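Swiss-Prot has this to say about the protein:
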- 18: site 'Transition state stabilizer' (SITE)
- 23: active site, proton acceptor (ACT_SITE)
- 74, 80, 87, 101, 102, 111: substrate binding site (BINDING)
- 100: active site, proton donor (ACT_SITE)
């Protein structure tokens, strides 16, 4: 069985309430359910983790290489400045795909740069919750199934 960890960063626990014009009314729990439902017929275990604390996210990234084939990460605001998360992602020997619900390139200038993307295979941005599904499909089709 393949194991994938989905990591969500700060304020994503507020989805459904926070900036509905930007993110819609979907909650993080709804997103997690949609992801699980989409992959229900796969030989795949998906775990979910969310934290508003940078250190907890770093610890989870470092621990992930013991249990998971890959990670999907939405570092949220940390993507724009967290060298610590970047370094943690570089330190693990499993692939990562970065996801953003909104198109960060259509937002404020300070949101258009993702330092954490440097440690990711790629970035999926602007497709809402479906970006997580796209990331997992990429991982399964290009990294896990070919082994």
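Note that Cβ sites are derived from N, Cα and C of the backbone, with glycine treated the same way.
Mapped onto three states, the DSSP output places residue 87 (substrate binding site) in helix. Here the C-alpha separation of residue 87 (substrate binding site) and residue 100 (active site, proton donor) works out to 19 Å. Within the group of recorded positions (18, 80, 100), the Cβ with the highest number of other Cβ atoms inside 10 Å belongs to 100. If you take the Cα of the residue listed as 'active site, proton donor' and the Cα of residue 18 (site 'Transition state stabilizer'), they are about 15 angstrom apart, rounded to a whole number. Comparing residue 101 (substrate binding site) with the residue listed as 'active site, proton acceptor', their Cα atoms are 7 Å apart once rounded. Taking the binding-site residues 74, 102 in turn and counting surrounding C-beta atoms within 10 angstroms, the largest count is reached at 74. For residue 23 (active site, proton acceptor), the nearest neighbour among the listed binding-site residues (74, 80, 102), judged by C-alpha distance, is 102. A Cα-Cα distance of 19 Å separates residue 80 (substrate binding site) from residue 18 (site 'Transition state stabilizer').
When Cβ neighbours within 10 Å are tallied across all protein chains shown, the highest count among the recorded positions 23, 87, 101 belongs to 101.
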